[in-house]
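Enquirer: Pasting a structure below so you can have a look.
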Amino acid sequence: MRFDLTLIQPWINANSRVLDLGCGDGMLLETLGKEKNISGVGLEIDPDNITRALARGVNVIEHDLNVGLGNFRDDSFDMVVMTLALQTLRYPHLVIDEMLRVGRECIVTFPNFGHWRSRWYLGHRGKMPVSKFLPYTWYDTPNIHFCTVKDFETLCDEKNIRILNSSVIGADNSQSPLANRFPNLLGVTAVYHISK
Amino acid sequence: MTEAPPSTPTADNDSVGIVVPQTLHFDQPLQLACGRALPEHDIVYETYGELNAEKSNGILICHALSGHHHAAGKHSADDRKTGWWDSCIGPGKPIDTNVFFVLSINNIGGCHGSTGPTSINPTTGKPWGPDFPPLRCRDWVESQYLMMQHFGISQWAAVIGGSLGGMQAMRWALEYPDALRHCIVIASAMKLSAQNIAFNEIARRAITSDANFHEGRYLEHNTLPKQGLGLARMVGHITYLSEDGMKQKFGRELKTGNLALGAGSETAVEFEVESYLRYQGEAFSGSFDANTYLLMTKALDYYDLAREYNDDPVEAFKHAKCAFLVASFTTDWRFAPARSREIVDALVAANKSVSYAEIEADHGHDAFLIPIPRYMDVFHGYMKRLKQELGHAF
């Protein structure tokens, strides 16, 4: 399982109700269902992912996150999760507002554009970074709103969002102490647990 | 895909084969929602697959407006057409008859053998005609419940329906919450829109204004309101297709005649689409009963899932205990995706287990009958969990 998905599991309570935005093939919800008896539903837009999630017994609703979460009632979930999808959204800040309206707590993970490799790539080559982790060209990419750890925390500050927990995953795909000491420089993926 | 899709069986082994319709007679009165009762009634039905020893693998198919019991297979080897949902019912198909026992009935009020307006009213000795009691969707659920008891089934693995069939499936979930594990609702809605009702009213007007209608007593006059019923079907048919679908299928192709300037006018110009609709109307008016059409369209119009739950669908669905799969089709404007999404949103708000797919398709409302690859993938994917519940390993 992707390391960010492993990392966030302790923040999700047993028997809780979880909404997973951009749930992919349903791996996270399936695992949480088995290990924590959560009742969950995923939102997904990719047809193949929807079929895969259905086949593994995960509830999935075909839904475009860019239309918002207007279909869901206030506080209808204990936890709203969105992993590695923030940067693909047209209005990420509005979706975060919506997540905090629909769920009591939220978890957001995103690629940290402040990582030194991105800075180095841009600084040295003067070109938008392309890597194994983010393999797209600037003109043909699902990732239209990159941000850094610092950017995200600024947004939380502006919106009075409480950060309950945060962590980064370093280049060695682990939660290294060094990376967590300099998260904006050494974190490849940022992981935030937030609430209103 | 991480898991291999189910094997695609060859044309020879993916059919339920030759099926023989059966009839079951109920001589106890069936109390109806209108306050009247049917003193006795017949149900014509077909079954596919085998009921297991635990009687836990039963699936009920609910048919739509002009549907009937013949959902899969053929009635004879040289039968030109298969049942109306043969695309989805059969060995290896989404409703896999190697695993499930499938019951498909003709609803009461129908005209394919179950008691309806063309049946003889025991008190008068004449066809019921317009005196047949008006029916609500819940009356079908009640009669389907009697069928369930007949087979000794205490819980369906699933109740499945498209369109008006989906409305019955949802009613099952509210009326008999313990009697089904899954409810599969395809191209349906919690109630019809004003536009839908308007189209139904045109269809009804076409029938009742036919000179041969005789206030619904056409059988006593040895005639049929074929013209009106044909027109009703033509209007209905347009609403089952999408604009793009019609464009692809017919375009502006001519069946006869020539539109070129100076081409003469000996042969009347007829567009393919005109010819098609007329054929559909004529075929239907020769095989369907006008009073049944009136009765079915009214049952559709009157259906309102949440009426008795303070008009609150969330309140209504709180009564359900089963899991739901809801599916819609992008070009379906008769039962638009937005109507399906309302069902899904209410189920989520009621804290129920629900999955939803909006399938891209050109075929309009009729798409639910067509084996569109993504539709089949979604259906197969969801049915896998029903199979797993029955202990089938994959």
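Here the Cβ of each residue, glycine as well, is placed from N, Cα and C on the backbone.
Pasting the feature list from TrEMBL:
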- B:59-368: domain 'AB hydrolase-1' (DOMAIN)
- B:S163: active site, nucleophile (ACT_SITE)
- B:R233, B:D366: substrate binding site (BINDING)
- B:D332: active site (ACT_SITE)
- B:R334: site 'Important for acyl-CoA specificity' (SITE)
- B:H365: active site (ACT_SITE)
Enquirer: Just checking the recorded positions B:R233, B:D332, B:H365: which sit within 10 A of the residue listed as 'active site, nucleophile', CA to CA?
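Expert: Hits: B:H365.
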Enquirer: Are there any residues at least 6 positions away along the chain from B:D366 (substrate binding site) with a Cβ closer than 8 Å to its Cβ? List them or say none.
Expert: B:Y240, B:L241, B:G245
Enquirer: Three states by DSSP: which one describes B:R233 (substrate binding site)?
Expert: helix
Enquirer: Quick one: Cα separation, B:R334 (site 'Important for acyl-CoA specificity') versus B:R233 (substrate binding site), in Å?
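Expert: Computed Cα spacing between B:R334 (site 'Important for acyl-CoA specificity') and B:R233 (substrate binding site) is 14 Å.
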Enquirer: Same chain only, sequence gap of 6 or more: which residues have a CB within under 8 Å of the CB of B:D332 (active site)?
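Expert: Looking at Cβ-Cβ distances below 8 Å from B:D332 (active site), excluding near sequence neighbours, one finds B:A187, B:S242, B:A361, B:G364, B:H365, B:A367.
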Enquirer: Inside 10 Å of the Cβ of B:H365 (active site), count up the other Cβ atoms and send me the figure.
Expert: 25
Enquirer: Look up B:D366 (substrate binding site) in the DSSP assignment and reduce it to helix, strand or coil.
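Expert: Reduced to three states, the DSSP call for B:D366 (substrate binding site) is helix.
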Enquirer: Cβ atoms within 10 Å, counted per site: which of B:S163, B:R233, B:R334 has the most, among these recorded positions?
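Expert: Ranked by Cβ atoms within 10 Å, first place goes to B:S163.
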